[in-house]
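What TrEMBL annotates here:
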| type | residues | note |
| --- | --- | --- |
| REGION | 1-83 | region 'Disordered' |
| COMPBIAS | 1-19 | compositional bias 'Basic and acidic residues' |
| DOMAIN | 69-203 | domain 'BES1/BZR1 plant transcription factor N-terminal' |
| COMPBIAS | 70-83 | compositional bias 'Basic and acidic residues' |
| ACT_SITE | E418 | active site, proton donor |
| ACT_SITE | E612 | active site, proton acceptor |
Amino acid sequence: MNDDQSLRQDLDPQSDHSSDYLPQHPHHPSHPLQPQQQPQPQPRRPRGFAATAAGSVGPTSPSTPTTNKGKREREREKERTKLRERLRRSITSRMLAGLRQYGNFPLPARADMNDVLAALAREAGWVVEADGTTYRQSPPPSQIAMGMRSVESPVSSGVRATKSLECHPPHNPSSVVRIDESLSPASLDSVVIAERDTTKNEKFSSGGSPINSVEADQLMQDLPIRPGNHGIGTTAFSTPNPYVPLYVTLATGFINNYCQLVDPEGLRQELTHMQSLSVDGVVVDCWWGIVEGWSPQKYVWSGYRGLFNILREFKFKLQVVMAFHEYGRSESGEALIPLPQWILEIGKENQDIFFTDREGRRNTECLSWGLDKERVLHGRTGVEVYFDFMRSFRTEFDDLFAEGLISAVEIGLGSSGELKYPSFSGRMGWRYPGVGEFQCYDRYLQQSLRRAAKLRGHSFWARGPDNAGEYNSRPHETGFFCERGDYDSYYGRFFLHWYAQSLIDHADNVLSLASLAFDETKIIVKVPAVYWWYKTSSHAAELTSGYYNPTNQDGYSPVFEVLKKHSVTVKFVCSGLHVSSQDNDEALADPEGLSWQVLNLAWDQGLLVAGENALSCFDRDGCMRIVEMVKPRNDPDHRHFSCFVYQQPAPLVQGAICFSELDFFIKCMHGEIAGDLVSC
């Protein structure tokens with residue numbers, strides 16, 4: 001065997017080396033007596049990366065058309081696989097949302113099928129360990145007796161123990177507990193005490209023998225009972241009803257546009273009403289457009305000094321809001337509290353300091369985030385302007401911080417003081433439930449978009465979507481937000497990621513300086529509740545507001561990671577609870593589903609959570625929905641809001657709200673009223 005043939009056989013795994021050890025016939029071509037002939041090696045079919053490289057070079061054999069056809073078929077199969085995976089994720093997302101909302105399953109934010117199976121198994125009474133080991137474990141009869149009512153009596157409006165427990169000997173594992181078949185899984189939890197409480201129950205039994213029905217009933221009455229789901233009829237055993245401090249927002253109007261205190265006697269009367277209702281504290285908006293309204297870095301705090309002195313008389317805790325946005329609109333269309341006049345003067349010369357929609361309309365509600373690092377405000381950047389304002393407040397009211405009168409400072413980060421783009425502006429013609437419009441067409445945000453597209457290597461992506469509709473469009477009417485729309489294309493994912501990252505960067509920039517100005521003071525950030533179109537795949541309204549949260553993305557965790565970095569408290573706006581079911585169905589809205597996602601993600605990040613009602617949620621029914629959100633009954637970790645801010649539509653003295661309603665709401669927050677709520 002010559003060297004070339006030996007080398008080919010060594011490289012070819014399919015070559016038969018056994019021939020090296022067989023005697024060769026004299027007439028065999030490789031016999032030493034025969035003339036040596038160089039065999040022609042058979043061309044091998046390229047595989048793996050070699051096949052890809054060969055295909056990219058060009059046609060190398062007559063079989064090229066077949067190869068190209070196979071390549072196209074593989075590409076089509078990849079696309080079909082992507083579509084199937086997208087559909088699977090959408091179905092999974094809806095299943096998980098249903099289990100969380102209607103079954104009260106404590107599934108994590110990024111749950112997979114293992115989490116679902118484990119939760120279902122535990123709900124059915126199985127034990128699932130961390131490594132996946134699953135087995136059935138029956139509790140002793142005495143433990144079952146501890147968790148049951150012994151006589152037929154209503155545990156709640158929809159849960160009944162239908163018959164007294166029949167005691168069996170300890171060795172008999174067939175103890176039967178009869179429960180109404182209409183019980184939901186959450187209701188079963190309210191009747192049978194968890195197995196992990198076995199050691200707690202053992203002290204009530206003697207020698208492991210079963211207790212009689214009277215003793216079981218007495219023990220049930222002695223256990224602390226937390227109110228069940230109102231209208232559902234469950235009773236949960238948990239810690240006592242927690243005390244949630246309640247703050248009331250002071251009505252706007254006590255400080256005029258020249259920072260003068262207006263009607264101090266009316267203010268005292270208002271605070272007297274609050275004191276009679278046992279309110280814990282007051283929230284006061286400190287408007288940038290009032291304090292620094294006429295000249296840059298000329299701060300006038302005199303009106304707020306007089307207001308805070310009166311609050312000090314009543315010994316209220318105080319939360320202040322650094323309000324960097326405009327407030328309200330008069331009948332003539334002018335803002336009741338605009339941005340500072342010197343800012344508006346700059347805006348006449350350079351309109352790109354304001355957020356801009358696709359048609360070039362400017363929104364003067366707040367400054368564009370593109371200014372955060374642009375020195376266009378008389379030599380200062382946007383974040384420097386905010387920092388100077390916050391530092392001036394901290395210096396001016398240092399005595400109130402030293403006394404502990406100011407308990408927290410809320411930082412306004414966008415439209416309405418919330419961390420969002422001004423995508424739903426009524427002055428631009430928006431009406432619920434329109435998807436809104438992207439607000440990224442000012443010069444500075446467009447420059448940021450071009451830099452991001454160039455860095456990505458696709459400069460032609462430096463544009464906003466041209467098929468996203470207008471303010472009052474529905475998702476299915478647009479090519480961008482519709483099912484399988486461009487929002488999930490390569491370009492769509494790039495644009496939405498950049499759009500959301502601009503929001504996150506703005507929060508990071510401002511909070512970094514706020515932490516310096518308000519060292520050792522609790523900082524609050526308000527997160528919006530954009531709940532309409534939540535049941536669609538794209539979550540269109542959330543996308544335009546700056547939260548990249550379609551069904552296949554988690555748009556809130558990146559935001560909360562930044563908020564966790566600065567140790568802030570998340571204030572969630574409890575909105576949408578007053579909207580009728582018909583309106584929610586029309587807008588495919590899901591306020592409960594959104595609140596579940598936001599609150600659990602914030603809690604999972606270790607953030608404190610506060611709440612605030614929408615202005616229209618001040619009736620009994622709306623208040624009760626808020627109470628259920630503030631104190632989740634079925635949360636296994638017994639988490640609840642750290643405080644709640646009650647926004648009032650008008651001063652209390654004007655009688656816009658029924659005092660009995662507000663008093664009832666405050667008592668529910670303070671834990672003085674536990675449950676069995678009745679409508680007035």
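Note: Cβ is positioned from N, Cα and C throughout, glycine not excepted.
Looking at E612 (active site, proton acceptor) and the residue listed as 'active site, proton donor', their Cα atoms lie 12 Å from each other.
All protein chains shown were included, and the count of other CB atoms within 10 Å of the CB of the residue listed as 'active site, proton donor' stands at 21.
Using DSSP to sort the residues of the compositional bias 'Basic and acidic residues' (70-83) gives these counts of helix, strand and coil: 14 helix, 0 strand, 0 coil. Of all Cβ atoms in the shown protein chains, 26 besides its own fall within 10 Å of the Cβ of E612 (active site, proton acceptor). Confidence in the domain 'BES1/BZR1 plant transcription factor N-terminal' (69-203), given as mean pLDDT, stands at 59.
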